[in-house]
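Visitor: Questions regarding the structure given below will be posed in turn.
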Amino acid sequence: MWKLKIAEGGNPWLRTLNDHVGRQIWEFDPNIGSPEELAEVEKVRENFRNHRFEKKHSADLLMRIQFANENPGSVVLPQVKVNDGEDISEDKVTVTLKRAMSFYSTLQAHDGHWPGDYGGPMFLMPGLVITLSITGVLNVVLSKEHKREICRYLYNHQNRDGGWGLHIEGPSTMFGTVLNYVTLRLLGEGANDGQGAMEKGRQWILDHGSATAITSWGKMWLSVLGVFEWSGNNPLPPETWLLPYILPIHPGRMWCHRRMVYLPMSYLYGKRFVGPITPTVLSLRKEVFSVPYHEIDWNQARNLCAKEDLYYPHPLIQDILWASLDKVWEPIFMHWPAKKLREKSLRTVMEHIHYEDENTRYICIGPVNKVLNMLCCWVEDPNSEAFKLHLPRLHDFLWLAEDGMKMQGYNGSQLWDTAFAVQAIISTNLAEEYGPTLRKAHTFMKNSQVLDDCPGDLDAWYRHVSKGAWPFSTADHGWPISDCTAEGFKAVLQLSKLPSELVGEPLDAKRLYDAVNVILSLQNSDGGYATYELTRSYSWLELVNPAETFGDIVIDYPYVECTSAAIQALTAFKKLFPGHRREEIQHSIEKAALFIEKIQSSDGSWYGSWGVCFTYGTWFGIKGLVTAGRTFSSCASIRKACDFLLSKQVASGGWGESYLSCQNKVYTNLEGNRSHVVNTGWAMLALIDAGQAERDATPLHRAAKLLINSQMENGDFPQEEIMGVFDKNCMITYAAYRNIFPIWALGEYRCRVLQGPS
């Protein structure tokens, strides 16, 4: 039976700063699990399989089965419902909250964080399997049980038409279909296995233009595997890393997630690396193309992209640029004497790869550059210590649920979820009943703050200050993020106001000052906050965005979510420490509020870039402005935002927004105008902050009724459609949101609507 293990090391090649706090890995143990537990696991797997086309999102049931046995909760209060025409009583809200928090406390790990699924994208696992296959360690890293669960996941998320999407809820794409088909073949599935599934997948590929029409990232992966020629790729010259930093196009000015992906890609491209040509590779050359491999026009293939994948079409200037680099630049740098510069650039790239690896304890900023960096380390030296240090950290990215084993979009969302969970529980004004839960969470948050900057000259490594920040996941990961720092900061400040005998000692003031310093350092000149770093270049650089599948990825843009979170954190700090950098903080808050007003859409909404979508962005927009001192009566932006949200409430009383809002940038209801507990929570929080209860509380009562009646018998809330997003077009799972935001919204509703303003 599979078991989720928390904060464990046990491998001599693992490095850690804090005894692996937050680490979550799944291990298979054939000697555990009662017959009843094993039967329950098989039952939920079968249920997912039988309903996979109607309900594409797993509900993290394997973790729930394990924790139900390990963390038995107190006696569950009887379930309550609100009938039509019935007024909502404070008692029913309180019972719902206690049931919800009692259940959610059982999902907390012993180190204080809440583990959960952070999967969703369908293009991550292929990179891992391709890399393991090339480097010859597939069977070392992945046991037969791992392979079985990965295959289960891939088959479960194959669409009816035979293809695979960019993410679990998306329509079939060439990128998703080719890579997942290849992954299954590398895992040992035959070309006609899967009860016809492989044949359907292959037919989808051939019917839609064949693998020559895969996206640029797909072309790169197929090229290193040996199923595509490098001449069919647009250039990624490593020499760009030797350019003067003053140039706007220097890669050090890119958004760090893109920079850290194109860094190892440029190494592999610069070396034209190709893995061993195995019988499976030779067979794939026949399976995924519609003409014989040796007859493919690779130059034409460079710019081919299936229409199903084309979210960001290449502008003409980009095609001219790639053609120039391909026909002029590359022939020069592949031969002496210019080849000397190529070799120098490759050495520079590897220095940056090693710096990234070492400063994330070989976790890396994300799963794409994790496996690419690992492959580059192997290409540089197959017997290197760096390659061996990479191997055990692969398991940090693997998550298991009833739909199978997936690769997550990070090594988890540990800090992010815990910071929100703390704020949600405290909002209920019932915190004294959940002291042990909050104490453990407080300990986790104190253990997860980044305590040092990266070593060396930060400018030379294109890094921002880190000391005092909070990461998205774990301290071992360590990359600082503006909104994660702000949300973590808000949570520890709220905890500091509770009795220390209940929640533990507060964070030392010096570490709070470090957090303030990070937040202030991340504000751009326009008042907005980006994610990891300052915005370092210009939006016109999107003209050279080579990733057809993603939008707005080349630079680190300022976002309403990050800007609002910074306002909230600085305001909370200012109230507790009014003398520390007072004028700087006040000036920062005012600039940030003006930025939020400036980027509001004409319909009153804000576009959410990290959650689905306008309900998420508008919650942050309203919250930021209210925290900065604006009110409904004094601020037209807040009035417009409230009108927008109220116009989107559906007949059931809730809100339900489709992921299509993200990619199309137009508010789109869920199919059938259904509600979603997470969207409903966000909208409620926004409207409560904007004083909706003082004007007309009816919309809030209707929404609260929806949340109360959505609660499950055990106190959990249902997993509904996917609610996270990145790069405008790819969705990602936040499994904890279904618990956090109903608790938070009902907590605020209980204290600020039913009980009235304090």
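Please read every residue number as a count from 1 along the shown chain.
Here the Cβ of each residue, glycine as well, is placed from N, Cα and C on the backbone.
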Visitor: What range among 122-142, 605-625 does Swiss-Prot record as transmembrane segment?
Guide: 122-142
Visitor: Counting only pairs at least 6 apart in sequence, do the repeat 'PFTB 1' (147-188) and the repeat 'PFTB 3' (589-629) share 3+ Cβ pairs under 8 Å?
Guide: no
Visitor: Cβ under 8 Å, sequence separation of at least 6 from the ends of the transmembrane segment (122-142): give me the contacting residues as numbers and ranges.
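Guide: Residues 150, 153-154, 157, 164-168, 170, 175-176, 179-180, 182-183, 186-187, 217-218, 221, 224-225, 275-276, 367-368, 371-372, 374-375, 378, 382, 387, 391, 394-395, 397, 406-409.
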Visitor: Averaged over the repeat 'PFTB 2' (512-557), what pLDDT does the prediction give?
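Guide: Looking only at the repeat 'PFTB 2' (512-557), pLDDT averages out to 93.
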Visitor: Helix, strand or coil at ASP483 (active site, proton donor), per DSSP?
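Guide: Once the DSSP labels are grouped into three classes, ASP483 (active site, proton donor) ends up as helix.
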Visitor: Have a look around ASP483 (active site, proton donor) and count the other CB atoms within 10 A of its CB, chains all included.
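Guide: I count 27 other Cβ atoms within 10 Å of it.
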Visitor: Could you give the number of helix, strand and coil residues in the repeat 'PFTB 4' (638-679) as assigned by DSSP?
Guide: 21 helix, 2 strand, 19 coil
Visitor: What are the DSSP helix/strand/coil residue counts across the repeat 'PFTB 5' (700-747)?
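Guide: Helix, strand, coil within the repeat 'PFTB 5' (700-747): 22 helix, 6 strand, 20 coil.
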Visitor: Quick one: DSSP breakdown of the repeat 'PFTB 2' (512-557) into helix, strand and coil?
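Guide: Helix, strand and coil residues of the repeat 'PFTB 2' (512-557) number 16 helix, 2 strand, 28 coil.
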